[in-house]
Amino acid sequence: MELTTRTLSAQKHIALVAHDHCKDMLMKWVARHQALLAQHVLYATGTTGNLVSRATGLEVNAMLSGPMGGDQQVGALISEGKIDVLIFFWDPLNAVPHDPDVKALLRLATVWNIPVATNVSTADFIIQSPHFNQPLDILIPDYPRYLAERLK
């Protein structure tokens, strides 16, 4: 597949997602980085977004709850180039009914080459990166070219 460049702006669009057993961990992480996160545009699945907003006062664009389609909504935003970073604290020790949605979300984040954090350590690496508050060019699939090839 051919690639093209997408520029992530200095103000990132960040999706926050957390499974039930990980919500408290994400809430503590957001609270520690609240001042920095306030400079960016936040999205989240429904329950997580409402909890973050209520606890911190941060403006969060909340989707539906994950099991009700929120993971897929976030995935669609990633595919549309509207999400720059995914912070997804998932629980590897407990299965969730919407596991296929979780796998699809992680697959789309990989396809569209956005940074993904799946735990506190990787989230800290991302937020402390010198690229976090700067524009950054990433390589993504060249979808128009892909479609043109498929339609030959």
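Just so you know, the numbers here start at 1 and follow the chain as drawn.
Yeah, the Cβs are placed from backbone N, Cα and C, and that goes for glycine too.
According to Swiss-Prot, the feature domain 'MGS-like' maps to 1-152, an assignment based on sequence analysis.
What Swiss-Prot records for His19, Lys23, Thr45, Gly46, Thr47, Thr48, Ser65, Gly66, His98 is substrate binding site, and it gives sequence analysis as the kind of evidence. Cβ-based neighbour count (10 Å, all protein chains) for His19 (substrate binding site) stands at 21.
According to Swiss-Prot, the active site, proton donor/acceptor annotation covers Asp71. All chains included, 29 other C-beta atoms sit within 10 angstroms of the C-beta of Asp71 (active site, proton donor/acceptor). Under DSSP, Asp71 (active site, proton donor/acceptor) is assigned to a helix (H, G or I) in the three-state scheme.
Within the same chain, residues at least six positions away from His98 (substrate binding site) with a Cβ under 8 Å of its Cβ are Gly66, Pro67, Asp71. According to DSSP, Thr45 (substrate binding site) sits in a coil region rather than a helix or strand.
The substrate site, placed at the center of the C-beta atoms of His19, Lys23, Thr45, Gly46, Thr47, Thr48, Ser65, Gly66, His98, has further neighbours from the same chain whose C-beta lies within 8 angstroms: Val17, Ala18, Asp20, Ala44, Pro67, Gly70, Asp71. The substrate-binding residues named in the record, His19, Lys23, Thr45, Gly46, Thr47, Thr48, Ser65, Gly66, His98, extend over a maximum Cα to Cα distance of 16 Å. Here Thr47 (substrate binding site) comes close to Lys23, Ser65, Gly66: these same-chain residues lie at least six apart in sequence, with C-beta atoms under 8 angstroms from its C-beta.
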